[in-house]
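Colleague: Structure incoming, see below.
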Amino acid sequence: MTDASDRRNNSRGSRGGRGPGGRGRGGKNRLGHRERPKANPRVIAWEVLRDVDLNDAYANLLLPAKLERTRMSGPDAAMCTEMTYGTLRARRFYDAVIEKVSDRPVDQIEAAVLNAMRLGAHQVLAMRVADHAAVSETVGVISKNADTKIANRAAGFVNAVLRRITEKSREEWLEELCEGLSDDERLEITTSHPAWIIRSLRQALVANGRNAEELTQLLEAHNTPARVCLSVLDGTRDQVAQKHGEPTELSPIGVTLTHGDPAHVDAVAAGRARVQDEGSQLVALALVEAEASEDPADPWLDLCAGPGGKTSVLAAHAGTKRVDAVDASAHRTELVKDSTRAFDNVQAVNEDGRDFAQANPQTYTRVLVDVPCSGLGALRRRPEARWRRQPSDIGALGGVQRDLLRTAIEATKSGGVIAYTTCSPHVAETLMVVEDIVKKQPVTVMDAPEVLAQLTGKPAETFESATVASGRVVQLWPHIHATDGMFLALLKKD
Ligand SMILES: C[S@@+](CC[C@H](N)C(=O)[O-])C[C@H]1O[C@@H](n2cnc3c(N)ncnc32)[C@H](O)[C@@H]1O
């Protein structure tokens with residue numbers, strides 16, 4: 001049909017096509033007012049998939065914005081979310097099926113068309129949508145919404161591919177595709193992860209004392225939607241839990257939302273609670289909990305603060321102490337201001353953390369360094385991240401991660417504590433950074449599992465991970481702790 005460059009040009013053009021709100025004129029309601037035409041969940045899902053593919057959009061930002069704009073809620077919004085996230089996660093599997101039935105490499109199919117096929121494949125192979133509806137409704141997405149040029153050519157192609165996909169069950173497709181493959185190649189298809197991430201995660205499991213056999217469980221956990229979790233920062237956790245969900249298993253300030261929209265929780269609207277993964281809550285609380293020698297007036301520092309999730313936890317526990325919240329991005333510094341609007345002890349600073357820390361030597365008693373990282377621990381939440389990240393990203397981040405940790409140590413007073421955290425279990429971003437830095441800096445690695453044990457009331461073995469120098473670090477895992485894959489090292493300044 002087209003080559004890859006055509007694919008980009010044609011599909012880019014398709015963005016100008018009519019959106020869900022632009023189709024039809026809508027009828028009139030009982031009062032004679034014109035009603036907005038009802039948006040179609042498949043069309044929204046397809047638009048997000050296409051924008052993620054072509055324009056590097058983030059599904060977790062774009063989809064909620066589209067749902068809000070089209071006022072889609074309830075079962076339609078849930079179906080649209082499942083179609084979008086599910087299709088993105090299992091892309092590798094669906095692409096293999098599409099290549100098999102279309103006899104064409106997927107990079108030679110234009111994005112608007114390919115993403116309709118992926119969307120259809122997800123409905124047929126992973127959702128309880130009747131085959132005929134999955135096929136005809138998805139063909140309708142293309143024929144009614146894509147550029148006329150694309151629609152005329154592609155509807156038949158999408159129809160033919162989807163019909164052939166319905167000829168076999170999910171299990172039959174997996175069996176056929178995996179025949180003769182190595183273990184890792186099989187995992188690539190069955191769990192839909194790139195090979196380099198599979199290798200990195202196996203290495204991380206083993207380096208943290210876990211069994212490599214757990215790898216499949218971990219990869220499968222990335223394909224299970226994460227529960228919505230709130231951190232409640234004003235001491236009303238029990239009340240929030242009673243009304244909206246249940247207390248989290250590990251974090252003493254967490255609530256798992258069992259129903260409703262987080263935006264409708266009063267404490268969230270007031271900035272006294274926020275959506276935050278339990279793992280993120282735990283690592284911030286661990287810094288608060290760790291034993292440190294400090295004076296009441298000593299300020300705390302969050303050196304990579306944007307968008308302010310962990311800063312909020314620190315601010316809520318700092319009492320009258322000031323929390324300096326630094327971020328190199330101006331936009332993300334603004335987000336910190338908004339996130340911490342309920343607290344008057346936060347000073348948001350837009351500056352490179354390395355410069356800020358060096359300009360404020362031996363000033364802080366508790367310092368959080370939540371470094372920019374690959375995000376391989378948050379794949380449950382960012383369904384497209386596994387396809388966007390590259391192995392070269394890891395090497396590129398190593399320098400700034402080390403510099404931020406080194407300068408954070410400089411900014412810490414003797415007897416103070418530094419928490420080095422990442423939302424990635426990749427050893428090059430976690431253990432290797434901490435091992436390198438503690439060799440050269442005046443710090444001692446603390447017993448992070450013990451701190452988390454005190455915080456959660458669970459035995460320290462729950463958090464048992466690797467040993468660095470004479471101390472212990474923590475690696476949280478989605479398949480074990482049901483959190484994001486956060487890493488935590490607590491360092492005491494000599
Ligand atoms: C993992 S995010 C931090 C998340 C944040 N702690 C939270 O819980 O909401 C890393 C942040 O580091 C910031 N960053 C990257 N390089 C930086 C630098 N040299 N100095 C300070 N901040 C930096 C990024 O802009 C990003 O906001």
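Including glycine, each Cβ sits where the backbone N, Cα and C put it.
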Colleague: Write down the one residue from ASP344, ASP352, ASP355 that TrEMBL lists together with CYS304, ALA305, GLY306, PRO307, GLY308, GLY309, LYS310, ASP327, ASP370 as binding S-adenosyl-L-methionine.
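Modeller: Of ASP344, ASP352, ASP355, ASP352 joins CYS304, ALA305, GLY306, PRO307, GLY308, GLY309, LYS310, ASP327, ASP370 in the S-adenosyl-L-methionine site that TrEMBL records.
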Colleague: Could you check the recorded positions CYS304, GLY308, LYS310, ASP352, CYS423 and say which one's CB has the fewest neighbouring CB atoms inside 10 Å?
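Modeller: Sparsest of the recorded positions CYS304, GLY308, LYS310, ASP352, CYS423 by Cβ contacts within 10 Å: ASP352.
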Colleague: So how many other Cβ atoms are close to GLY306 (S-adenosyl-L-methionine binding site), meaning within 10 Å of its Cβ?
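Modeller: For GLY306 (S-adenosyl-L-methionine binding site), the count of other Cβ atoms within 10 Å is 25.
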Colleague: Would you report the average pLDDT that the model assigns to the domain 'SAM-dependent MTase RsmB/NOP-type' (204-494)?
Modeller: 97
Colleague: Between the two most separated Cα atoms in CYS304, ALA305, GLY306, PRO307, GLY308, GLY309, LYS310, ASP327, ASP352, ASP370, the residues recorded as binding S-adenosyl-L-methionine, what distance in Å do you get?
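Modeller: About 19 Å separates the two most distant Cα atoms.
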